[in-house]
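Features reported for this protein in Swiss-Prot:
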CARBOHYD  Asn63  N-linked glycosylation site
CARBOHYD  Asn109  N-linked glycosylation site
CARBOHYD  Asn139  N-linked glycosylation site
CARBOHYD  Asn192  N-linked glycosylation site
CARBOHYD  Asn196  N-linked glycosylation site
CARBOHYD  Asn202  N-linked glycosylation site
CARBOHYD  Asn230  N-linked glycosylation site
CARBOHYD  Asn235  N-linked glycosylation site
CARBOHYD  Asn321  N-linked glycosylation site
CARBOHYD  Asn328  N-linked glycosylation site
CARBOHYD  Asn388  N-linked glycosylation site
CARBOHYD  Asn438  N-linked glycosylation site
REGION    274-315  region 'Fusion peptide'
SIGNAL    1-22  signal peptide
TOPO_DOM  23-467  topological domain 'Extracellular'
TOPO_DOM  489-503  topological domain 'Cytoplasmic'
TRANSMEM  468-488  transmembrane segment
Amino acid sequence: MQPSMSFLIGFGTLVLVLSARTFDLQGLSCNTDSTPGLIDLEIRRLCHTPTENVISCEVSYLNHTTISLPAVHTSCLKYHCKTYWGFFGSYSADRIINRYTGTVKGCLNNSAPEDPFECNWFYCCSAITTEICRCSITNVTVAVQTFPPFMYCSFADCSTVSQQELESGKAMLSDGSTLTYTPYILQSEVVNKTLNGTILCNSSSKIVSFDEFRRSYSLTNGSYQSSSINVTCANYTSSCRPRLKRRRRDTQQIEYLVHKLRPTLKDAWEDCEILQSLLLGVFGTGIASASQFLRSWLNHPDIIGYIVNGVGVVWQCHRVNVTFMAWNESTYYPPVDYNGRKYFLNDEGRLQTNTPEARPGLKRVMWFGRYFLGTVGSGVKPRRIRYNKTSHDYHLEEFEASLNMTPQTSIASGHETDPINHAYGTQADLLPYTRSSNITSTDTGSGWVHIGLPSFAFLNPLGWLRDLLAWAAWLGGVLYLISLCVSLPASFARRRRLGRWQE
């Protein structure tokens, strides 16, 4: 009996609904080992109006081209291991991985011991050092472009490759690895055009903006010159109107609320230079999430990056379907599953292999397309939450009255009833991260690197007592075996000489 059409349609709809519920969460998979894109954010174009203050300028610039170039990538690492053997049998080890920047022939694959013995008056320690060097040589393909950064690599950051290194055929990357390739000479064609630009008249210096380049340039005596573009504007002062004087305002009734200050500072909010300073100050120092600002500013949802002096350092990502896992560890970011592997989803929606620590019991509200609430170390997956989508009316008294629905309970006494928080200390719940003292390594993305803190595992009095008793038992057993070996031949000879004892 064949199934009916309505059954098939219903079954297909159910499968689609279940799949949508399963993959309702998405994360960004990003390759930050690749070369980032450097984009001038042009925050000065924030108040740019294409139809006002238009002037004609003569522009001469270099045409941009991109080619692929085969290369050989060489990466060498030196593995350093130093083992300390204590007098009582305990030991400790320091493991360090360093980048080797010498020649491949100089990267020896044999061990090199040093400091065979160290001893002083209170303990005796044997330190043995072993160093092994390994190199990986890979054939790769890179992209060379006529504008900086001149080289793009998907396996490493090639932003530091200069034009001279392109012509020499060898370059050292920022991570210490090297690239060898056929020497290449950059060549660009000069393009001359007459373009319409917009003069920003509310700036202290004359700035012309071109929509064709999405860039603005500061004019000095009507011209701008650089290695890649030359701009000459003849009538750059004729289209600007004189500035209006700001009116004196009554500042005696100003209060600290933002809605009271906003009308007073209306002229300041409209000033592009002040907005530029605010944006660069907030997002250029790492205080706020620069990736969220870059996505809104560049109108691209699948990028991450940071801002350095008005220039966005951006990586392209792609969205993948992930699912929450049980939050059973002391991690600040929630664990997620992607293709059977465990990752951590940070606040910017990016998948990471590492995460900061957090105290157990910390509740976190997160935004991943929807609001989610999860508790660190609870063993429960984060769940979606909803909120009342109404805004308050900007009056402090009514704002407090509308939200006065939480019982007034002492935070310290309330948290002391939680045994986990009490074990960590009642003051620790004020910090999102735990004060960890056992982390002596840092993940840099290319490998596990030890930062060189010494190890004192041999300073263990209980271990000394245990080893001393073990040595005493071992010595007693040896002495018993020696006495037994000495007495057995004598007893055999005595029995042979006297015979067996009889009544």
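Placement of Cβ uses the backbone N, Cα and C atoms for every residue, glycine included.
Nearest by CA distance to Asn321 (N-linked glycosylation site), out of the glycosylation sites Asn63, Asn139, Asn196, Asn235, is Asn139. Neighbour density at the Cβ, taken as the number of other Cβ atoms within 10 Å, is lowest among the glycosylation sites Asn63, Asn139, Asn230, Asn235, Asn328 for Asn139.
Rounded to a whole value, the Cα-Cα separation of Asn192 (N-linked glycosylation site) and Asn63 (N-linked glycosylation site) is 10 Å.
In the region 'Fusion peptide' (274-315), the DSSP tally of helix, strand and coil residues is 19 helix, 11 strand, 12 coil.
The glycosylation sites examined here are Asn192, Asn196, Asn321; by Cβ neighbour count within 10 Å, the least packed of them is Asn192.
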